[in-house]
């Protein structure tokens, strides 16, 4: 008998271990951020940044592009969600998968693809013979362009939030309304639309917050045009390093955090009193028959998909195959030189591949070591511990990645105490920041696996005589294995393409794939950037395909593009 | 074999009323105790404290001389040599039926021929020998139940705990599983503790029934005893389908009431508020009410055909209702004469 032993029966070090990990990954960076921001304010070194016209312009641009992006996301996302969830159109699975793709494609690749599609040098337009004359401005290098691409990038978020709400809409409620004499349009207006409102509000909020924190799109579209938003302002400030820089970037990222928080608070307000718990059966979706309009709706959706997905990707592929900037693509000019260059010649891209693969696989595997025990504790131990863990995990989840990156710079800028080693400028600071950024991504599948697991399965193993590690090995781990697999692939998928965090944290020799694409584009090698982007898109699709094959073994709601 | 002793057992989760409050009872060697009560009465918490999943905030649990838990120390479940049939059966979906049943043996380091023999015996007892290589997902509810039972059998545990094991089965299957439990109890000789909210299950299986209400133990007695002589309105209302009447009885009335005294009390009720006698709660079983010309006239409020008999609801003049089982139908609204042969003062 162990004196004072808790009946929970896990080893004593487990709780301190999980708490320490989560403190290091979630709370510490935020504390450093607050400290640096406060110090910047007090010393007066950095306070000037708040009154500069450049900062005002960046705030205004951030608000304009995030709001514009949110509106575009709402229109496209809602259209697809209503069509897929409520009508009898064909090919819903394919449509959903294709529509979700832009979310998984890294933003800098999306931006690059659109630039290749629309500009005067576009190989696609040139090949088709409809390119504007050389020297005419690239229409996407504008606030509108940034908004449009943010809208396309984040439309899947609205789609998902709304579809989840609609999938739960009560079939019998709709049928009862039809029997009460309401026309399909009235049913939509009186029953479906009010039930869809919470999903729409939640989707709008996620789209807005994601727009505020996005770095890839405004970096590719805004920097060449001299349009700066808050995330790109941090990037340029850090590049022109000065005495007050740390205080300044701390203050700017606090602004981003504040705008994101305001968006979320607004969402809470709008959602208050809209808790429509579904009463009754909700299994099958309410299907509205479109009749002879069906084919037009299907064509319309396909046209949108062509415009936001197929055409930009085609442009990207086209520009990766031309031998030089501005040359039209045809059978005489097609060349694989760009691929040859990035795969075999350029040491920069080669080391980017190595770095990204190392970072992504270490983050994916390493995070499981934290995520599995944390999910276990949060499910098994209700009360103070569980809610503390929950709050800690929410911190990096709610913060835009750029804010987190700044927080890590501030945390690790100085050499580590005792060891006297500086992580700043090494690959390890990127890895720790990834751990923090993707903790929530890694945790979610494992958490839902635990939620869906009957706790008596473990209790039965205990009564059978199995101690902690024995029942972990024999019962718990086999049962969460599929979800853990999904978690590994998801983190790998997102981390391998990540730009926001690594753009701030990289230095010579530690550039990632995201940084490599950005730098290649920045230095005018759009063909190499395109080729690298094509490889990235292929990687994304391959990993999504791998996850699709796992889908039958996964708890529901694990794959972000399915529900 | 030894006695399982709960001594002033208390569990407070920290939300107002304790979930279990001062429960003391002893399960005799090889006994079959049914813990009976409405949902939320604390019976499952008692079971989980016996298993070791919850630690008492006060009091203690002993198995013979051995202290299992008290407020400061607890033997972990894996060291208690107990087994449990969970309400959800808790079969591991990634193991076959044989692996599920044999897991407690495997943990104890038993493998090879001994393992196969003992798993085979356990499966034979629950008649699932042919299903050994299947996965739990491929079994029906009743078969899963039997796998869970076989898993309990395989290690000859000291105490077997059953948490509403029949709650998820249909009526027909329940009857046959009750039979299986009884055989299992006779063969294994293990002490069994059975949690249920279904009084007929408790009465059919247990050697002792403990009725709990709001965290407290209300009565502990063998089934026949608790049916005939329930203590208090909670037990009276829970066991059987009796009606509880409020009647004015003379000073010094016995617990077991006969017709003459009941008749006098009912007449008193008719002449509303006549006597000074204190009002008592009296349990009347429907099988003790009969149609009889000698009796008093009562209005029949409803009549339901139940196959082997008719169940009547009778209205007393003061509005109280009474249930009765009779052999022939009576049209609702009519008045007929009834005799109450027996009553039990609660």
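Including glycine, each Cβ sits where the backbone N, Cα and C put it.
TrEMBL annotations:
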type	residues	note
DOMAIN	A:59-267	domain 'ABC transmembrane type-1'
DOMAIN	A:353-547	domain 'ABC transmembrane type-1'
TRANSMEM	A:63-86	transmembrane segment
TRANSMEM	A:93-115	transmembrane segment
TRANSMEM	A:140-166	transmembrane segment
TRANSMEM	A:215-234	transmembrane segment
TRANSMEM	A:246-266	transmembrane segment
TRANSMEM	A:304-326	transmembrane segment
TRANSMEM	A:357-377	transmembrane segment
TRANSMEM	A:389-415	transmembrane segment
TRANSMEM	A:421-443	transmembrane segment
TRANSMEM	A:475-495	transmembrane segment
TRANSMEM	A:532-554	transmembrane segment
Long-range neighbours of the transmembrane segment (A:532-554), counting only residues six or more past its ends (CB under 8 A): 97, 101, 104-106, 108-109, 112-113, 313, 316-317, 320, 339, 342, 349, 352, 445, 482-483, 485-486, 489-490, 492-493, 496-497, 513, 516-517, 520, 561-562
Listed stretch, out of A:63-86, A:93-115, A:215-234, A:421-443, that has the most CB pairs under 8 angstroms to the transmembrane segment (A:475-495): A:421-443
Criterion met for the transmembrane segment (A:140-166) and the transmembrane segment (A:63-86) (at least three Cβ pairs under 8 Å): yes
Highest-contact recorded stretch vs the transmembrane segment (A:304-326), from A:63-86, A:215-234, A:246-266, CB pairs under 8 Å: A:63-86
Residues from the same chain, set at least six apart from the ends of the transmembrane segment (A:357-377), whose C-beta lies under 8 A from its own: 10, 14-15, 17-18, 21-22, 25, 385-386, 389, 393, 427, 430-431, 434-435, 438-439, 442-443, 446-447, 449-450, 476-477, 480, 484, 487-489, 491-493, 495-496, 502, 512
Other parts of the chain folded back onto the transmembrane segment (A:389-415), taken as Cβ under 8 Å at six or more residues beyond its ends: 18-19, 22-23, 25-30, 32-33, 35-36, 209-210, 212-215, 231, 234, 238, 246, 249-250, 252-254, 256-257, 260-261, 264, 374, 377-378, 421-424, 429, 432-433, 436-437, 439-440, 443, 498, 500-501, 503-505
Recorded stretch that, among A:93-115, A:215-234, A:421-443, has the most CB pairs under 8 Å to the transmembrane segment (A:246-266): A:215-234
Beyond the flanks of the transmembrane segment (A:421-443) by 6 or more, those residues with Cβ under 8 Å of it: 22, 25-26, 29, 355, 358-360, 362-364, 366-368, 370-371, 374-375, 393-394, 396-397, 401, 404-405, 408-409, 412-415, 487, 490-491, 494-495, 498, 501-502, 505-507, 510, 512
Distal contacts, the transmembrane segment (A:93-115) - CB-CB under 8 A, six or more residues away: 80, 83-84, 138, 140, 145, 149, 152-157, 159-160, 214-217, 219-221, 301, 305, 308-309, 312-313, 315-316, 493-494, 497-499, 514, 517-518, 521, 526, 529-530, 533, 536-537, 540-541, 544, 560-562
